[in-house]
Amino acid sequence: MASSTKLFATVCLLALLSCSVQGQLSTTFYARSCKNVEQIVRSVVAQALKKEARMGASIVRLFFHDCFVQGCDASILLDAAPGIATEKNAFGNINSARGFEVIDAIKQQVERACKATVSCADILALAARDSVSLLGGPNWAMPLGRRDSRTANLGEANQLPAPFFSLSQLNASFAAKGLNFQDLTVLSGAHTVGSAICSAFKNRVWGGDSNIETSFALQSRQTCPTSGGDTQLSPLTIPNTNRFSNQFYKNLVARRGLLHSDQELFNGGFTDALVRKYSNDAKSFFNDFSVSMAKLGNIGVLTGRSGEVRLNCRKVN
Ligand code: HEM
Ligand SMILES: *[C@@H]1O[C@H](CO)[C@@H](O)[C@H](O)[C@H]1NC(C)=O
């Protein structure tokens, strides 16, 4: 491994280019083996978003939940099987994680073009990148070359950050993955799109939190009664456009974060200054978001001969 890394670094130097490498990933990984992969992924994602804009949000979240558990190895895509305790049953995923059919549809088309070549983990990374840019957010070159796990980890999936977390718990959860408080603050900006179920914010809007603007609390209660209605949806950011923007941060400054964990990012702590900055500067939000998404995509990746390229994203080969 060390010698192939050295060789790669040498080739990059010889090419007199910044090879835009993240760890051992490369933005040109499939340039020869599957040159149309990015085009295929983008067109299937575009079709899915035309049907339902929220699907873009769901795919971005799927990528986050993949990368935070065992690294970005498509472990979240595995269905239950002997020896596989599916991550789909984790607290943060059950009745919540969605977009699996879109990933299947992409995989099918990619397999038709390039047999047994492109990993499910890379497909998910590209689909997340394309979801962001097709929803009006930034676009960036996504480093590729991830391979797929042969295992899932339900126990670790059950430790994904939860909506009742404090700022220090959120910070610790990200730090454990090599991400800092800027990554935490800027990646949470993904909550500019998508929705949450009532049970994720009930306590906050019914008096559990004092740092909530009154009219927003009253409005949020309408889709989230004190008893029942647990699966009713509210947009994470209002107005609900499902378009990428810095509105999430503007809402936090106005104490209109829907989740307790979101409002923790602007509650007198060490992330306040960044929230304020992004609320005033959409461009720096977009720039920093791109950088942190690539960083998220680099967590615990399997490369080289580790793992496998799954033929069906839902099961190991
Ligand atoms: C910082 C800790 C985070 C917590 C506690 C958190 C929590 C949540 C919760 C509770 C929901 C609602 C899920 C549901 O009701 O079904 C949600 C949705 C979502 N999250 Fe996060 N999240 C966090 C970070 C992130 C990150 C880093 C990203 C992506 C980079 C992300 C992307 C999303 C998206 C796009 C949705 C909407 C999904 C949809 O509409 O299907 N979240 N999150
Ligand atoms: C936040 O996490 C960083 C590591 O990324 C750590 O050094 C720092 O002490 C944490 N800050 C707080 C206030 O918890």
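Residue positions begin at 1 at the first shown residue.
Quick reminder: no glycine exception, Cβ is built from N, Cα and C everywhere.
TrEMBL: automatically predicted annotations, no manual curation.
The Ca(2+) 1 binding site feature in TrEMBL is assigned to ASP66, VAL69, GLY71, ASP73, SER75, GLU87. In this structure, SER75 (Ca(2+) 1 binding site) is part of a helix by DSSP. Annotation for SER75 (Ca(2+) 1 binding site): same-chain Cβ neighbours under 8 Å, separated by at least 6 residues, are ASP66, VAL69, GLU87, SER149, THR151, ALA152, ASN153.
The local packing around PRO161 (substrate binding site), expressed as other Cβ atoms within 10 Å of its Cβ over all shown chains, amounts to 18. PRO161 (substrate binding site) falls outside any helix or strand according to DSSP and counts as coil. The substrate binding site annotation in TrEMBL covers PRO161.
As annotated by TrEMBL, heme b binding site applies to HIS191. Every protein chain considered, the tally of other Cβ atoms within 10 Å of the Cβ of HIS191 (heme b binding site) stands at 26. In the three-state DSSP assignment, the secondary structure recorded for HIS191 (heme b binding site) is helix.
When Cβ atoms from all protein chains are considered, those within 10 Å of THR192 (Ca(2+) 2 binding site) total 27, not counting its own. If you look up TrEMBL, you'll see THR192 marked as Ca(2+) 2 binding site.
The disulfide bond annotation in TrEMBL covers CYS34-CYS114 (among others). Within the same chain, residues at least 6 positions away in sequence whose Cβ sits under 8 Å from that of CYS114 (disulfide bond) are TYR30, SER33, CYS34, ASN36, VAL37.
Annotated disulfide bond per TrEMBL: CYS67-CYS72 (among others), in sequence order. Around the Cβ of CYS67 (disulfide bond), a 10 Å sphere holds 28 further Cβ atoms from the protein chains shown.
Annotated disulfide bond per TrEMBL: CYS120-CYS313 (among others), in sequence order. Within the same chain, residues at least six positions away from CYS313 (disulfide bond) with a Cβ under 8 Å of its Cβ are ALA74, LEU77, PHE100, ILE103, ASP104, LYS107, CYS120, ILE123, ASP148.
Classification of CYS224 (disulfide bond) by DSSP places it in coil, neither helical nor stranded. Summarising the environment of CYS224 (disulfide bond), the number of other Cβ atoms within 10 Å of its Cβ, over all protein chains shown, is 24. What TrEMBL records for CYS198-CYS224 (among others) is disulfide bond.
Summarising the annotation, TrEMBL assigns signal peptide to 1-23.
Spatially close to ARG61 (site 'Transition state stabilizer') yet at least six residues away along the chain are ALA97, GLY99, ALA190, GLY194, judged by Cβ distances under 8 angstroms. The site 'Transition state stabilizer' annotation in TrEMBL covers ARG61.
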Proximal but sequence-remote residues of the same chain as CYS198 (disulfide bond) (Cβ under 8 Å, at least 6 apart):
THR223, CYS224, PRO225, GLY229, ASP230, THR231, GLN232, LEU233, SER234
Near GLY71 (Ca(2+) 1 binding site), which residues of its chain come within a Cβ-Cβ distance under 8 Å, counting only those 6 or more away in sequence?
ILE299, GLY300, VAL301, LEU302
Nonlocal neighbours by CB distance (under 8 Å) for ASP73 (Ca(2+) 1 binding site), same chain, sequence gap 6 or more:
ASP66, ALA121, ARG146, ARG147, ASP148, SER149, GLY300, VAL301, LEU302, GLY307
Given the recorded Ca(2+) 1 site (ASP66, VAL69, GLY71, ASP73, SER75, GLU87), which additional residues of the same chain have their Cβ within 8 Å of the Cβ centre, ordered by sequence?
HIS65, CYS67, PHE68, GLN70, CYS72, ALA74, ILE76, SER149, ALA152, ASN153, ALA157, GLY300
Fill in the CA-CA distance, PRO161 (substrate binding site) to CYS67 (disulfide bond), as an integer in Å.
13
